[in-house]
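Trainee: The transmembrane segment annotation in TrEMBL covers A:29-52, A:58-76, A:88-105, A:117-136, A:145-165, A:185-201, A:222-239, A:245-274, A:344-365, A:386-410, A:416-438.
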Amino acid sequence: MSKAGITLETVDPPAAPTVRLPRRRGIELALIVLAVLLSVYGYCAVGLARNGTVPPGAAGYGAGLGVLALVAHLAVRWRAPHADPLPLPIGVLLNGLGLVLIYRLDLEAPGDPAAPTQLVWSTLGVALFTVVVLVLRDHRVLQRYTYLCVTVALVLLTVPILFPAVNGARIWIRVAGFSIQPGEFAKVLLAVFFAAYLAANRGALTYAGRRVWCLQLPTGRVLGPIVAVWLVSVGVLVLERDLGTSLLFFGLFVVLLYVATGRTGWIAVGLLLASLGAAAVGRLEPHVHGRIETWLHPFASIEAGEGPNQLAQSLFAFAEGGILGTGLGLGHSVLIGFAVKSDFILATAGEELGLAGLSAIFLLYGLLVERGYRAGLALRDPFGRLLAVGLASIVALQVFVIAGGVTGLIPLTGMAMPFLAQGGSSVVTNWTIVALLVRLSDRARRQGGGGDIR
Amino acid sequence: MTRHIRHAALFCVLLLAALLVNAARVQVLRADAYGADPANRRDTITRYQQPRGDILVAGRPVTGSRDTGEHLRYERTYRDGPLYAPVTGFASQEYGTTLLEHTEDGLLSGADPVLAPLPLWNEFTRSRNAGGKVMTTIDPAAQRAAYEGLRSRKGAVAAVEPSTGRVLALVSVPSYDPGLLSGNGRTAREAWARLNADPDRPMLNRAVQRTYPPGSTFKVVTAAAALDAGVVDDLDEPTDSPDPYTLPGTTTRLTNGARGCADASLREAFVQSCNTVFAKLGVTTGVARMRAMAHGFGFNDGDLRIPFRVARSTFDTTVDRSQLALSSIGQYNTRATPLQMAMVAAAVASGGQVREPYLVERTTRAGGGTVSAAGARPVRRAMHPATAMRMRELMRGVVEDGTGKKAAIPGTVVGGKTGTAQHGLGNSGTPYAWFISWAQREEDMEPRVAVAVVVEDAANRREISGGGTAAPIARAVMEAVLKP
């Protein structure tokens, strides 16, 4: 990235130089085929390990995933031909792998299959991906809906309070047998709002306002609304006991504020506030307190004679996997219990695919995030840049919070592993994120010149 | 802005690095510790994922495996559980394993690396071999005869083949059905609690895990020591023993149940089981020679395994003369397992040689290939062959015209020794009835079986005597072995 980007970022270039960039749609197609084949291979491996036969649905499953991926690919080819060729195949591979893992866990309790539902949601996700790629011709359109986004996001966040809590968290609504996690959708909307608001008020945030000590504070009029939105979201989520998402929103806010204003002081203030908040919540809220205790002493429940808790079981599963894993279908991660297909899906990956497979998964996420950041660097409009960074950071933070939680790195906060975990809202949301990243990268590469993504 | 996007990206890289490092920590560095955590059920699940290999008696499995379809999939089943419990022990998902199920666990469960076709192959594939089989030396007819004989009594029987040391019968009554403990459900827990609370201790393997005062059966050891040392030369020579016999250094007077013990010959004393004669004989022989002889038979050996551990039988060697006198008639601190006393009888029967007893004839892979076979066992000479000859004579006398007449089998040479062991505070307990014996068909070259029987209780105190209660059981076992 050249220094020129900085001067270009606030002004639209007069005209894009007519450099013919390679579109790389062929690479994308090849990678998609590879992703589908890998998923089908995983599906067959589970069947072979469990029953010694290729599962009867393998062909249909492969065809279904293949058709979905192909539709998405054609949409990209048609309406975003310059897009980065990596995000879509990564989404297909992670989603396919997630379906394999859920199918594999379904075999442990045949009465309660989750894979078919997940496939339906994945279809819905890919459909939404296609719609976004087809309909949203220019991401800057979203800027017009800044306040609609934040309103809808806050409504979505608040609605679950009216519904009964499930497993200690009040984040679901149940409609006609389907349970939806509206907070998942709010992620994208809030990212749009943060990006749009910060892009619009960058100057005021950076330079206006009083100077206190060595910190230049922006005026309350500018900072007020966004801090309010952030506080409301986090406050609501704490009420709903959705720790993961509140952590995610906090992280997203701080990252975007830093990128928009370039002020390290904001990070310091954010961290200070977060530590104070975390200390207060961790002390006062028994649910959170319990999570922290479990994190500090994962085996305390064993010593107390109550048997291993979910985190301990998760650690056992990862440990059993070792470097190469037990092989798909051959682990015992089902011991983790009720959240094994959702929050703890990574433990199954860790046990059956080993450190090698787990690292590969982490690197896939890393690659997706990297492509998001690259699009952000290449784009010229601040909104686009912030949106790309925000969306990529959502993926990164989600992965870190949940993967760190189930491997004992940080206290466990319930959240869905993007694409892998069982959860319709999550799959749909993450496909939307990938769609927006595809759209942003298309724009970035179309601009040419300094906007090329290598 | 570009610079700050790069900073944010760097932050994401740090997060990714933290995840990778931590995953490596959990999956590599801590893997063994987590894998070995007792709360980690993976080992247990793997262990019960396949049927356990079987324990065989005379070629027929006495165990089996049942597919429960549960998480711990295969449960152990037992055919004639109570009959073979002192041999098999139990294999419980909840309470672990005991006896053969324990000592042969690696083989039965398939975990033993010797089952692998290639070294390290299982390490690589993470697979487990099918469980192997354990063929025991038990003679089912003898086992059943002993069990039926003891029925409703409390006691134990051990029988061995003198020429080899093969254990032919190992019975403990009251017994229990190990199948009750196989699972991990409520029934298993209830059975466990009930069996442990039972004052009769049905899970105690009396034949090898419990020691009793051997009483007069120990006179075989004393007589052998006296003969071997030359303290007595002629079986029919008077032994110059008083009746009653005052224990050396005390005023305690030892009496006899039988008459005619004063100055009796060794033959008469043995046949009538005179306490006075043998107490004095033990003192005359001396503690060193008594100890050597007891040791030769296997007393004071804490390492005997058949392959599970056999409780140590004891002959106290730090005794004064009066204690030695009591020890010599199987009282004071002298204690023996039924298996130990069967070894005593076997040593006499096989010309003074003691063969280490064993219970596993052969172990094989699931397919039948031999993993190990009972090789040559260590042989110890307990006494001079000439002494053994004279001891056989003495023991035959007991069965032919002494206290052990009920053990006689027509057409068969049987030698035996009765015992009635006092125990409890001030001898308040119901005495234990002992009988040890061996038998040889006239056409055979050597004795085929040596038995020890102990009965802990009987209807009344008078009935208790080795000859009356225990000898018929021993005879039934010997007949079962000798039956063509």
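In case you wondered, yes, glycine gets a Cβ from its N, Cα and C as well.
Annotations in TrEMBL come from automatic prediction, not curation.
Help me see these features in their spatial surroundings.
Mentor: Counting residues 6+ beyond its ends, the transmembrane segment (A:58-76) has Cβ neighbours under 8 Å at 25, 28-29, 32-33, 35-37, 39-40, 43-44, 47, 83, 88-89, 92, 95-96, 99, 119, 122-123, 126, 129-130, 133-134, 438, 442 in the same chain.
Beyond the transmembrane segment (A:386-410), the same-chain residues lying 6 or more positions past its ends with a Cβ under 8 Å from any Cβ of the stretch are 139, 142, 187-188, 191-192, 194-196, 198-199, 244, 247-248, 251-252, 255-256, 259-260, 295, 298, 311, 314-315, 318, 343-344, 346-347, 350, 362, 365, 368-373, 375-376, 379, 416-418, 421, 430, 433, 436-437, 440-441, 444.
For the transmembrane segment (A:416-438), the residues of the chain that approach it from at least six positions outside its boundaries are 76, 80, 83-84, 87-88, 90-91, 94-95, 97-98, 101-102, 114, 117-118, 120-122, 124-126, 128-130, 132-133, 136, 139, 178-185, 187-188, 341-343, 345-346, 349, 361, 365, 368, 371-372, 375, 387-388, 391-392, 394-395, 398-399, 402-403, judged by C-beta separation under 8 angstroms.
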Trainee: Do at least three C-beta pairs under 8 angstroms join the transmembrane segment (A:145-165) to the transmembrane segment (A:88-105), pairs 6 or more apart in sequence?
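Mentor: Checked: the transmembrane segment (A:145-165) vs the transmembrane segment (A:88-105), no contact.
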Trainee: Short question: which residues 6 or more past the ends of the transmembrane segment (A:29-52) have a Cβ under 8 Å from it?
Mentor: 58, 61-62, 65-66, 69-70, 73, 85-86, 88-90, 92-93, 96-97, 99-100, 103-104, 107, 327-330
